[in-house]
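Engineer: Below: one structure in structure tokens.
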Amino acid sequence: MSSTRFTLDGHGDHTDHDENTGHEGHTHSASVTGRQLLVRIAVGVGVVALLFAVRALIPGLGWSLPNRMQDFITLSISVIVESLPFVLLGIVLAVIVQVWLPAGFFDRILPKNPVARRACISLIGMLLPVCECGNVPLARGLIIRGFTVPESLTFLLAAPILNPITIITTQQAFGGDPIVLIARLVGGFVIANTIGWLYSKHSDPDALLTPGFVRECAVAHDESGPRLVRSLAMFVRETTGIMPALIIGSLVAGGIQTIVPRDVLVALGSNPVWSVLALMALAFVVSVCSNVDAFFILSFGGIFSTGAIVSFLTFGPMIDVKMLALMRTTFTTKTLLQVSLLVGLMAAALGLAVNVLV
Amino acid sequence: MRQRWIGVVLTLVACVTTVWLWINGDLGLYVHPRYFAFTVIAAVCGIVVVVASFVVRVPADEATDAGPTRRAWRLGLSVAVVVASLFGVGSLIVLPPATLTSATADQRSVNSGTVVGAGSQQATGDTADYGVKEWATALRQSTDLQGIAGKPTTLTGFISADPDDPENVFFVTRFFVTCCAADAQPVGVPVYQPDWKSSLALDDWVEVTGAFDLNPSVKSRQPMVIVPQQVSPVDEPSDPYVY
């Protein structure tokens, strides 16, 4: 998505190089570069203080908006504030994976057989419990680190479901109805690995990625310099890719929620077929995080069929408005349409199967 | 075209807003209290990392090798992204924090979900400390409506209209939040007060004191309502949502 080139040491000017080295070593604080460093830090702190001041002074104006506009903004902000920590955590994990893990780390511990390898990759979420929005930067980091595109897709789709926090919250919410948890976990695993397997047949996996991200990968491989500086550079790069997508995804999610009446979905109720599609539509719109969606849908438990809830809990973490905006930073629109359609069909089939069996 | 600073600026604004909301006790308007610690710690760390990243010099993009049309299109897209982001961020930093309003309550249909959370509410035992959520659940689940009749209650919430009889029945409404305001569901207890709009308005926060009775309204689909002795305006509480 972004096409900016980051230049470090070799490309940057000489002052930068000295400055970075000084920062890494923390030893030349008396030198000129040290003073420049202090100036830059002071500018940063000043900007933070300025933002706080602006934020603290403005409410005195006492603006008031029409209800719907106000709610649109409240909903969008709540999605941003709720997702922000996960996104930041995801970016930090991506930085760790890319900059701090030794090269070939994953090749050493993962099986060689592609199917077994993807199966293991879909369980990485058990070790790095980030919900879906944090998984996007992490998946980007994994591609840069040498994962193939189908492998990172498998990770991206499986990790929000196959992670300890999601399992615990689902168990808490649906403890009395074990079919929900089992169907969610098995369904998530199967769907993610099926998508991974399908795309492993693709003749040119790199064509699935946006040109901007392919360039980022190339740049990332060329980087050299102190690890701390590379980490910060990657943080800057990743926030530029991810944050606009997060904010736009949140605005779209807030906008749809303000416009589409919820009772249209609820009215579809317990019909075994329509309820599945209705809850998938709800999951797509609400964009609630996979770690807590079980609690959210529990409150609709009396209205909707079990299969519909299972579809909600498998489709929602993989595909929703916010996720599409985030994934668009990395994958082409065509890829996302294909993946959404495939995941949607499989999640619907899973829900219908549960409705038939239960 | 896209400048590298946009990412750190957006991150910084979002983090500063989060911390500021927390300091002022307004974070609860957007996320469930159980995420306060996680959200605030992440935001503070975000601020620290952003300030640290100021020492890394990251220049803007050089022209890409794409053709002129494609470059113009990309430029337009980048501008659109930046404008939308700045709008989002502008609302974060400029607008005062607010709760959801009756517009969202109507749009999501009051009591359309069955709020389970606290287990089933049969309203046969002690109902003295029941709030809006508990009563809404009890009214929905109870098989013994006669048992509820006559029970006294005092409830605080904001006003949304009963869509079936907006002249005579309103809901004392709260939003029930499981994670963040995006998943808020309106729960409400119907109050029968003919021509309530003469003294009250939508979105007013009120304290209603009264007792339950069968609904005198013929148009409303609510079987039981509060027949109020007193409806007094109150300030919006500091924690407007229920959990």
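Here the Cβ of each residue, glycine as well, is placed from N, Cα and C on the backbone.
Bear in mind that the values here come from a model prediction, so they are computed numbers and not experimental data.
So TrEMBL has the following annotated:
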- A:1-29: region 'Disordered' (REGION)
- A:8-27: compositional bias 'Basic and acidic residues' (COMPBIAS)
- A:37-58: transmembrane segment (TRANSMEM)
- A:79-101: transmembrane segment (TRANSMEM)
- A:121-143: transmembrane segment (TRANSMEM)
- A:155-174: transmembrane segment (TRANSMEM)
- A:180-199: transmembrane segment (TRANSMEM)
- A:240-260: transmembrane segment (TRANSMEM)
- A:272-289: transmembrane segment (TRANSMEM)
- A:296-316: transmembrane segment (TRANSMEM)
- A:336-357: transmembrane segment (TRANSMEM)
Engineer: For the transmembrane segment (A:121-143), give me same-chain residues lying six or more residues beyond its boundaries with a C-beta closer than 8 angstroms to one of its C-beta atoms, as numbers and ranges.
Structural biologist: 83, 86-91, 93-95, 97-98, 106, 110, 149, 151-166, 189, 192-193, 196, 209, 213, 216-217, 238, 241-242, 246, 289-291, 317-318, 320, 322-323, 326-327, 329-330
Engineer: In the same chain, who gets a Cβ under 8 Å from the transmembrane segment (A:155-174) while lying at least 6 residues past its ends?
Structural biologist: 121-126, 128-132, 135-136, 138-139, 142, 147, 180-181, 184-185, 187-189, 191-193, 195-196, 290-292, 294-295, 297-298, 309, 313-314, 317-318, 327, 339, 343
Engineer: Which stretch, A:37-58, A:79-101, A:240-260, A:336-357, tops the Cβ pairs under 8 Å count with the transmembrane segment (A:180-199)?
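Structural biologist: The stretch with the most contacts is A:336-357.
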Engineer: In the same chain, who gets a Cβ under 8 Å from the transmembrane segment (A:272-289) while lying at least 6 residues past its ends?
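Structural biologist: Apart from its flanks, the transmembrane segment (A:272-289) reaches 79, 82-83, 86, 131-133, 249-250, 253, 256-257, 260, 262, 265-266, 296-297, 300, 304-305, 307-309, 311-312, 315-316, 319-323, 344, 347-348, 351-352, 355-356.
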Engineer: Checking distant contacts: for the transmembrane segment (A:79-101), what same-chain residues at least six beyond its ends satisfy Cβ-Cβ under 8 A?
Structural biologist: 128, 130-131, 133-138, 140-142, 144-145, 220, 227, 230-231, 234-235, 238-239, 242-243, 246-247, 249-250, 253-254, 287, 289, 322
Engineer: Could you tell me what the rest of the chain brings near the transmembrane segment (A:296-316), counting residues at least six beyond its ends with Cβ under 8 Å?
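Structural biologist: Those are 161, 170, 173-174, 177, 179-180, 183-184, 187-188, 191, 266, 269-272, 275-276, 278-280, 282-284, 286, 288, 290, 343-344, 347-348, 350-356, 358, in sequence order.
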